[in-house]
Structures are given as structure tokens and as C-alpha cells.
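Okay, structure first, notes after.
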Amino acid sequence: VSSNQPPHYPSWSFSMGSAYQFHSWRVFVVVCALPCVSAVVALTFMPESPRFYLEMGKHDEAWMVLKHIHDTNMRARGEPERVFTVNRIKIPKQLDELVEMQNESANPAVKVLFKIKSELRGIWLTFMRCFNYPVKDNTIKLAAVWFTLSFGYYGLSVWFPDVIKHLQADEYASRVKIYNNERIEDFTFNFTLENQIHRNGVFLNDRFIGMKFKAVTFIDSSFLNCYFEDVSSVGSFFKNCTFVDSFFYNTDIDDAKLTNSRVINSSFHHNKTGCQMTFDDDYSAYWVYFVNFLGTLAVLPGNIVSALLMDKIGRLSMLGGSMVLSGISCFFLWFGTSESMMIFMLCLYNGLSISAWNSLDVVTTELYPTDRRGTGFGFCNAMCKLAAVLGNLIFGSLVGITKAIPILLASSVLVGGGLIGLRLPDTRANVLM
């Protein structure tokens, strides 16, 4: 969007020459990318799984990884170290061997096609094995828990900021100043007028110079022989007003802001174009980001608590309890009538729900055998993404309409998913063994 005025940026910014200007949102993107980059770097120091090494024919490397796992578990349980021995390892046949067995004289193109076909067939067979006994019931229950938790969490993440904006708008509107039948003559306005309504006013020989109208509405008012220079209007309108012998220079007052107004013997010169709103004008946007930051910060104690209590109270108790409590805390959003209460409930909800996410990751990993773990986890994650999309669409359509349906829907879905999670088999005993 073009503008004749220089863009306004917050003070915390820096530049690299004239070509690269790093302002607030670019710095924010860079900071958000750092954890991803750190994760990529950390992955280079992690060993591959023993199964991968065995499939690649690297038996010594697989043995070393298994020995490291064995020694770590012995130390964690406080038992004396033992000599690590392997009695039997079932080595999966490599795909290349299967291809050669299929057609030893195959040319490279046929071999590649057969390899792709074998890979796709293997993926499909592995996926279908997630719905075979004895993991079929677990797959269905896990998919339901992933779906409900994601639906409630991401749905509320879309709906909640709009609730904050509506509360701010209501509070802002409650402080509006109303002026009726005023008459101002030969006066210079060089300061900001904000959150005001002027009805049936008369402005005679007045000057509006280097000032801003912010959420100001003039209704049935008259401007006679007035001068407007370097004026910006944010959320301001002139309804049923009359301008006579007035002059406008370098302003953003145009037909869109002159609703049913009459302009008689007045002229507009060098009008401003583009959006004149700055970040300082839209304080609600800053506040929404800050509220989301507080909600994200509340995840930290939830992560610490789940890490400390995961093995003590059990995965299922943490999963089901966290989802049920999250649903209850979501229900109390219905009674939120102020920003502070809504922010507190958001922080409480985020702090409780993160324990469900953490325990669900652990339960999903432990419920599947090794040869189906990746596929089962991927299927559950696909259900999670589908629920996130549906949550955004459904809750987004309810934004600004009603808060009863989103709250009841999210609360019931979370509680239902938590009760399903409690029906999953407990895996803690197997891990301790």
C-alpha cells in the first residue's frame, strides 16, 4: 500500500545498509526460526535407530546404540552395570535384496519402478496393520483423542483473540465522549481528538492543522470556512455533515469518510493515499499479541509439571485429567466479563492442556510396536491436522456471533476426549519392566 507519508516503525529495529531493513515483524520471524534451526543442529548429534542400522547392514553401529540404551537404563534405575549381551537379532531383509529376488536380470528402470511399487505397498500394508489386532482399538481411541484435543485447542486459538478485541471495543465504547450542539469559532485544532461523537455542531473559521482524528464521528455538523491541513483520520467519519467554503490539503478525508455529506464550494488538494494507521493507533492488535504471549508463557510450568509427574501419576491419568480439567477451565470462559479474567482463564487453559499434549505423545509412542510406531503416530498426527483445519473453519465462522457455542463445543469435545483417553491401556508398567 503506497503512502505519501514515511512508514512508522517501532524503535527496536536495525538495518544492514539501505537494502535490508529489519523491523519488528522481521526480527520476530527470525527469533521464531531459531528453535527450528537449533533442532536441525541438534539432530546431527543424535544416533540413528538400531532398526535403521540393521536395514542398512551396519550391525556394529546398531549394537553400539543398543548398548548405550542398555547402560542408560541401568544407571537410571540405580542398578549395577551389567555386561551387555545380544542373544538374537532378527535382521529385516533389505529392499534391494527383495528386488533382486524378484528379477535378478531387471534393468535399472524396472528395478526403480518395482522399488517404488514395493515401498508404496509396504506403506499401505503397515498402515493397515495399525487396524489389526491387538492395536486396532488403540488406534481408534488414539485418533479420537488426537482429534478432540486438536479441535478444541486450535479452535480456541482462533476464537479467543477476537473475544479480547470485542471486550476491548466494548470497554473503549463505554468511555466515549459525546458533544451536542457545540459551536466552535476561530479555533486551531493541533492535537489529537479521540473516541468522541459530535452531534449538531457548528465549526466556523476553524483550523485543523497537523492533527489526527481517532475514532471520532461527526453527525449532522457544519464546517463553514474551515481549513484542514496534514490531517489523518483513523476510524473516523463525517455523517450527514455539510462543508462550505472549506479547504483540504494533505488529508486522508475522502468520499469513503464523508457519509451522506454535502461539500459546497470546497476543494481537496494533495490527498493522502494508502493506509494511515500505525501500530500505535491499533493498540488492540498489540494487546492481542501480548495476551497470546502470556498464554504461551503459561505453557512453561505445565511442561515442567508434566515432565516431573509423568512417571509418578501415570500417562493416562495425566492425559485424561489434563483434558478434563482443560474442558472445565474452557467452560468457565463463559463467565468471563473482563479482560483480566479472560486472560487468567486462557493461561490456566494453556497450562493444563500442554500436559495432555505431552502425555499423548508418550502414550502414542509406547502403545505401538516398533514396526508400526511411525505409521501409527503419523496417522494420529494427520487426524490432528484435520481437526485443526476444521476447528479453524468452525470457530472462525462463529467469531463475533456468539460465545456460547464455541465454549460449549470446545468444553464438551475436550472432556469427551479425556474420558476416551482414560480407556487406553496403561503403558507405564511395560516401560518400567
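Counting begins at 1 with the first residue displayed.
Heads up, the Cβ atoms here are built off N, Cα and C, so glycines get one too.
TrEMBL does not curate its annotations; it predicts them automatically.
The annotation transmembrane segment is assigned in TrEMBL to 25-46, 142-160, 286-309, 316-335, 341-363, 375-398, 404-424. Under the heading domain 'SV2A/B/C luminal', TrEMBL lists 177-268.
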For the domain 'SV2A/B/C luminal' (177-268), the number of residues DSSP places in helix, strand and coil:
3 helix, 59 strand, 30 coil
Are the transmembrane segment (375-398) and the transmembrane segment (286-309) close, by which I mean at least 3 Cβ pairs under 8 Å that are 6+ residues apart in sequence?
no
Could you tell me what the rest of the chain brings near the transmembrane segment (316-335), counting residues at least six beyond its ends with Cβ under 8 Å?
145, 148-149, 152, 156, 163, 306, 309-310, 341-342, 345-346, 348-349, 352-356, 358-360, 363, 403-404, 407-408, 410-415, 417-419, 421-422, 424, 426
At a C-beta cut-off of under 8 Å, are there same-chain residues at least 6 beyond the transmembrane segment (286-309) that contact it? List them, or none.
160-161, 164-165, 168, 279, 318, 322, 343, 346-355, 358-359
